[in-house]
Amino acid sequence: MGRFIFVSFGLLVVFLSLSGTEAGFCCPLGWSSYDEHCYQVFQQKINWEDAEKFCTQQHRGSHLVSFHSSEEVDFVVSKTSPILKHDFVWMGLSNVWNECAKEWSDGTKLDYKAWSGQSDCITSKTTDNQWLSMDCSSKRYVVCKFQA
């Protein structure tokens, strides 16, 4: 009986220690987790509008990737660079110059910036922390993101 109580107490301690960490959430199969969000790289090139629509169909709450720190960009680059090599992925920003966008397509605040040009839609390089403007009708790879 004493051994059972000891083992039960030990399991309770382990459970409680994990409950305050990110162990409480997990991303669906094929998605990668970072800072309580899930990300997936898709190896197909489509225009910005179709890319945003595609992301919203992948998972509830999913949109084109939004960035809120250089560390988050580094995480996404670690996922895109090995798969897509030297290319570009759509980000959840469009009509930035025409409408002075202040938020991402997922509704979060535009609180981190790394501009490198002007146009309607914004891409991120798959190999480093640079954003470039491109014609929204051009075809680029897709990274989707949602809050876990």
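Any Cβ shown, glycine's included, is placed from N, Cα and C.
If you look up Swiss-Prot, you'll see Cys27-Cys38, Cys55-Cys144, Cys121-Cys136 marked as disulfide bond, on the strength of experimental evidence. The domain 'C-type lectin' annotation in Swiss-Prot covers 34-145, and the record cites sequence analysis as its basis. Taken from Swiss-Prot, the feature signal peptide covers 1-23.
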DSSP-wise, what's the residue breakdown of the domain 'C-type lectin' (34-145) into helix, strand and coil? 30 helix, 37 strand, 45 coil
Select the closest residue to Cys27 (disulfide bond) from the following disulfide-bonded residues, measuring between CA atoms: Cys55, Cys121, Cys136, Cys144. Cys144
Closest of Cys38, Cys121, Cys136 to Cys144 (disulfide bond), Cα positions, disulfide-bonded residues only: Cys38
Number of Cβ atoms other than its own within 10 Å, given for Cys144 (disulfide bond): 26
CB contacts under 8 angstroms to Cys38 (disulfide bond), restricted to the same chain and 6+ apart in sequence, sorted by sequence, are Cys27, Pro28, Trp31, Ser32, His59, Lys145, Phe146, Gln147, Ala148
Neighbouring C-beta atoms (10 Å sphere around the C-beta of Cys136 (disulfide bond)): 17
Cys121 (disulfide bond) to Cys55 (disulfide bond): how many Å between their Cα atoms? 16
In this predicted model, what is the average pLDDT of the domain 'C-type lectin' (34-145)? 88
